[in-house]
Amino acid sequence: MKYTLVSSCVALVLLTFGGVDAYPRNKQTKPTKQPTLSVSLKANADYTPNVRASLAKAVAKFTKHSERPVSNSNAGDSGTVSIGVVPVVDYGHDIMYYGIVSIGSPPVDFKINFDTGSSDLWIASTMCSSCTTQTLYNSTQSKTYVKDGRPWSIYYGDGSNASGVLAQDTVVIGNITIANQTIELAQQESSSFAHGVTDGLLGLGFGSITTVDGIKTPFENMISQGLVDSPVFGVYLGKASKKGGGEYTFGGSNPSKYNGTLHTVPVNSSRGYWGVDISNVKVGNTSVASGFDGILDTGTTLLIFTEEIANNVAKAYGATGNGDGTFRIACDTSKFKPLVFTMNGNDFYVPRDSLIFQQDGDYCFAAFAYSSGLNLSILGDVFLKNNYVIFNQEVPSVQIAPSIDQF
């Protein structure tokens, strides 16, 4: 995914980290305590949402052709299981969450978007002459740099792109050190990347969709190098309306960030994404759509449906289409019913306060949209900031429970 307004890879935030627990064996119980890594998130209120830009960027991502945080300097030793917290910034009102990842020896800190909708780790480098506002990776300054030289490139449907060469180096996420991680060094970036708020992107999708075949993702290397006890990571995204915040917990989950029971939903990873079967969508108790495919994507801001499903949802809320995939909706949500997604026999909620994405004068834009270019639906941060999700890479599945911020 690319970092933008809808397709803005998650922005991470600083929260106090207590004990975190590993992936539960039984969906009726919370996980048992295990060593984990947590990446925390913090809110930044100095940004105005843009629903049209968010929609355009999300569509571009899935039509692709091929305030400074505290330094993360306390790196753990490679080969050990460790626990770490990374202070991060939430850029905008629940639009994009990013955190610090350290790369090289000595480590250099980069602002990185965490994205379950892609699988590459790429960063701006000193080889990129147009990358004037980003922190740049310099291979000559790292003792652990290993040359690879194979080319990589990413092209998106909106014309944005990035390309460069592969390398290997030490990567630190929280206090977990990944040795010999393949990284993609940008030699060229289009302006939307080169002048963006972040320095790169870390994909948390499956390895089958990396731009170069055979590359292991950072999370795959955490597992294969024995750096985490469980092949899972938990995601909590906070709401700006509740002081923002959030965290990524690698190797387990944090039960203090969700309420009630975790419910397991099988994942279809055949396309490299965290795909789920959505059996029903309701507005309150009234069904408006059924039987369609969805993707859980931390790198997309909105809920994005096919046109038919979006129109059904809009009709139930009295929303009016703007002719560009977005909808105008009443700013007063006091009489709205929640939007309910049924997956594997369980209901998961998006409450009424999350149905408004942007206010523009006397009217509001809805937090859902559509694109005729997509044949699936994307459950972005609008869903994920209301539901805590544990992603299991080894046995493709997710566990979902209401976030502490849901209501």
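Each residue, glycine too, has its Cβ placed from N, Cα and C.
Within the set Cys131, Cys331, TrEMBL assigns Cys331 as the partner of Cys364, by disulphide bond.
Of all Cβ atoms in the shown protein chains, 21 besides its own fall within 10 Å of the Cβ of Cys364 (disulfide bond). For Asp115 (active site), the nearest of the recorded positions Asp297, Cys331, Cys364 in terms of C-alpha separation is Asp297.
Asp297 (active site) falls outside any helix or strand according to DSSP and counts as coil.
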